[in-house]
Each structure stands twice: as structure tokens, then as C-alpha cells.
Amino acid sequence: MTTLLVDPSPSEVDWDPLREIVTAGFTGDHLELVSGTGMDGKKCSVWMFLPLVFTLFTSAGLWIVYFIAVEDDKIFPLNSAERKPGVKHAPYISIAGDEPPASCVFSQVMNMAAFLALVVAVLRFIQLKPKVLNPWLNISGLVALCLASFGMTLLGNFQLTNDEEIHNVGTSLTFGFGTLTCWIQAALTLKVNIKNEGRKVGIPRVILSASITLCVVLYFILMAQGIHMYAARVQWGLVMCFLSYFGTFAVEFRHYRYEIVCSEYQENFLSFSESLSEASEYQTDQV
């Protein structure tokens with residue numbers, strides 16, 4: 001049995017309800033992921049590096065794909081004055097990663113990015129669950145990011161020339177639900193206001209969300225008009241904005257730790273729903 005728990009910082013409250021739940025009666029065969037903020041104000045959790053690794057790894061991987069495609073004369077460089085007729089194509093990300101060897105790197109990068117995005121989605125959901133009264137917004141954020149992650153796998157594993165229909169479905173899932181995720185998380189950031197940093201983090205996220213939305217609209221307008229060089233540049237800017245947005249989760253993740261506890265099963269052990277319900281009722285009063 002896998003149990004996901006969130007506990008508050010000892011610096012915030014005198015009594016830690018989830019820590020009591022975690023340490024009492026754990027003698028059963030199960031695995032637990034426990035999250036909390038048991039650090040002093042001068043230290044940061046190593047989990048803050050997860051969003052940063054996601055951002056840096058994915059952006060570096062995509063640029064490697066781009067330079068491989070340019071070196072192989074598959075696409076025009078982004079700084080080309082205009083697209084000229086010929087063998088080369090506009091530097092869309094999907095076209096850059098369409099043929100080997102770039103497609104091999106592209107598939108690996110997108111699969112790893114999808115996995116890391118899914119982990120971030122789950123940890124973010126766990127982090128916010130005890131702090132929101134109405135869970136529908138938090139659940140919507142989790143579902144939207146999971147669908148965007150699934151879209152990334154379709155993008156990476158079904159190249160444009162091999163299966164254009166599935167590839168375009170992946171593009172729609174990634175950009176569509178990715179944009180929705182950004183707005184949902186921006187709203188949650190301002191609403192929950194973790195460590196009184198809601199405005200400091202929320203305002204940049206609103207700006208990034210607006211930039212992403214504008215890029216998506218502009219991208220499809222340019223695509224429809226056949227202005228491919230500018231559309232490709234907007235697409236790269238859109239993806240970099242997405243990755244920058246995910247990097248901002250490091251701000252909140254630095255306050256939290258996640259631990260895996262393995263112990264034997266005991267029949268009188270509290271169920272996950274009971275444990276989380278008890279902790280949520282207590283922590284809601286603290287927000």
C-alpha cells in the first residue's frame with residue numbers, strides 16, 4: 001500500500017498532527033511518501049532542485065536537438081532572415097526532432113520531461129491538498145498537468161512524418177492543458193499564499209501565463225497564415241516560457257521535504273483517507 005502524506009513545518013505549529021500519524025502504528029507492510037517542512041529558515045529542501053532540473057534538462061535537450069538538426073541541414077537556423085524554398089524546413093521543434101539522430105534525442109528528452117512533469121504534478125498536489133478548502137481547483141491542476149505530460153510522450157514517440165495525426169494530438173494536449181495548468185497554478189499560488197510568498201511568486205506566474213497564452217494564440221495565427229519562420233520562433237519562445245514557469249516551483253518546494261518510509265502492515269493503522277482528513281482539518285485552521 002502506498003500512502004501520500006503532507007505535514008506542516010514544526011516552525012509553524014507546536015503540534016504536528018501528521019508527524020504523529022506517521023510515527024504511530026507503522027508496523028505493516030507498506031510504503032509511504034511523507035512530505036513536510038522540518039527545516040529551519042536558513043536551509044532549503046533538496047526537492048527545490050527537482051523543478052530546476054526539469055527546466056534545465058528539458059531546455060538543454062531541446063536545444064541539442066535544434067543544433068543537431070541545423071548541423072544536418074534539416075532546418076533553417078532561427079536567426080535566418082526569412083525562409084527560402086528548398087530542402088530545409090522552418091525550425092519548428094517537431095521538425096527538428098523528426099529524423100535520426102535528432103529524433104532519438106528528442107524522444108528521450110520528451111519522455112524524461114513527461115516523467116519529471118508528472119512527479120512535479122503529484123508533489124504539488126500533495127503540497128496543496130491540506131491547504132485548500134475546495135479541492136476541485138487542485139485536482140483540476142493535477143489532471144491538467146497529467147494530460148499535458150501524456151501529450152509530451154505522444155510528441156516524443158510519434159514523429160511528425162511517421163504519424164502526423166497522433167503527433168498533433170500530443171501537441172494539442174501539451175500546449176492546451178499546459179496553458180490551463182499555468183493559470184490554475186497561478187490562481188492556487190495567490191490563494192494559498194505559502195509562507196506569505198503568494199504575491200511574490202503568483203504575480204510572475206500570472207505574467208508568464210499571459211505570455212504563454214499570447215504565444216499560443218499568435219503561434220496558431222502565424223501557422224494559419226503560412227508565416228512559418230515567425231511561427232517557429234514564437235513556438236520556441238512559448239516552450240521556453242513553459243519551462244521557466246515550471247522552474248518557479250522551486251520557490252515553494254524549498255520549504256518541503258519528502259521521505260519514503262517502509263514498514264510492516266498493522267491492522268489498526270489509520271487509512272490514508274482518515275489520516276489525510278484529520279491532518280487537513282487541522283492544517284486548514286493554520287492557513
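Placement of Cβ uses the backbone N, Cα and C atoms for every residue, glycine included.
Keep in mind that TrEMBL annotations are predicted by a computer and have not been checked by a curator.
Among the features that TrEMBL reports, domain 'CWH43-like N-terminal' is placed at 47-255.
Per TrEMBL, transmembrane segment is recorded for 46-69 (among others). Residues 75, 78, 91, 93, 95-97, 101-102, 105-106, 108-109, 112-113, 116-117, 119-120, 123, 239-240, 243-244, 246-251, 253-254, 256-258 of the same chain, all 6+ positions outside the transmembrane segment (46-69), place their C-beta atoms under 8 angstroms from a C-beta of that stretch.
Marked as transmembrane segment by TrEMBL: 105-123 (among others).
The feature transmembrane segment is assigned by TrEMBL to 135-155 (among others).
The transmembrane segment annotation in TrEMBL covers 175-194 (among others). Outside the transmembrane segment (175-194), and at least 6 residues removed from its termini, the chain residues within Cβ reach (under 8 Å) are 124, 127-128, 131-132, 137-138, 140-141, 144-145, 147-148, 151, 201-202, 205-206, 208-209, 212-213, 216, 238, 242, 245, 252, 255, 287.
Residues annotated as transmembrane segment in TrEMBL: 206-228 (among others).
Marked as transmembrane segment by TrEMBL: 234-251 (among others).
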Same-chain residues at least 6 beyond the ends of the transmembrane segment (234-251) whose Cβ lies under 8 Å from its Cβ atoms: 48-52, 54-56, 58-59, 62, 78, 91-93, 117, 120, 124, 175, 178, 182, 185, 197, 200-201, 204-205, 208-209, 211-212, 215-216, 218-219, 222
Positions on the same chain near the transmembrane segment (105-123), where near means CB under 8 A and six or more residues out: 4, 35, 47, 50-51, 53-54, 57-58, 61-62, 64-65, 68, 96-97, 141-142, 145-146, 148-150, 152-153, 155-157, 159, 246, 249, 253, 256, 258
Residue numbers, six or more beyond the limits of the transmembrane segment (206-228), whose CB comes under 8 Å of its CB atoms: 83, 90, 92, 175, 178-179, 182-183, 186, 190, 234-235, 237-238, 241-242, 244-245, 248
